[in-house]
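As structure tokens, the structure follows; a few thoughts come after it.
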Amino acid sequence: ALTEPQKTALKDSWKLLAGDGKTMMKSGALLFGLLFKSHPDTKKHFKHFDDATFATMDTGVGKAHGMAVFTGLGAFVSSIDDDACVNGLAKKLSRNHTARGITADDFKLLQGVFKTFLDEATGKKATNEHKAAWDALLTMLIKAHS
């Protein structure tokens, strides 16, 4: 389970990452853009994306995926004080991604770009505490998926 300071840091940083739907779409596009740029091999998991989507994530399907991911992350942040719910969400996330052939190692690649994502998405307003809290949450999700 996450510590109280980590939970607070997640909630605080979430306001910067997902203030509204437009911000959530922008955050999703940025996160996946960083993933695809850093790890082009991850594109194999997104068979329904075309070159334009991979280039900018600024297509209907790209925006929809980014929004879905950030809606899911929002569920974790919103329920972060309820360990049973967080664990249930982690198991659901794992089931959904296992069915698509996405491994814990694939999640680790996303985790690897997350600090850069936080810097870029927040205009460098993400603190070390924010970064550590997201790293702890992602580590927990990876563990649930292993």
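Quick reminder: no glycine exception, Cβ is built from N, Cα and C everywhere.
Annotated in Swiss-Prot:
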type    : residues : note
BINDING : H65, H97 : heme b binding site
DOMAIN  : 1-146    : domain 'Globin'
MOD_RES : A1       : N-acetylalanine
Number of other Cβ atoms within 10 Å of the Cβ of H97 (heme b binding site) across all protein chains: 17
Overall pLDDT for the domain 'Globin' (1-146), taken as the rounded mean: 94
Count of other CB atoms lying within 10 Å of the CB belonging to H65 (heme b binding site): 20
For the domain 'Globin' (1-146), the number of residues DSSP places in helix, strand and coil: 115 helix, 0 strand, 31 coil
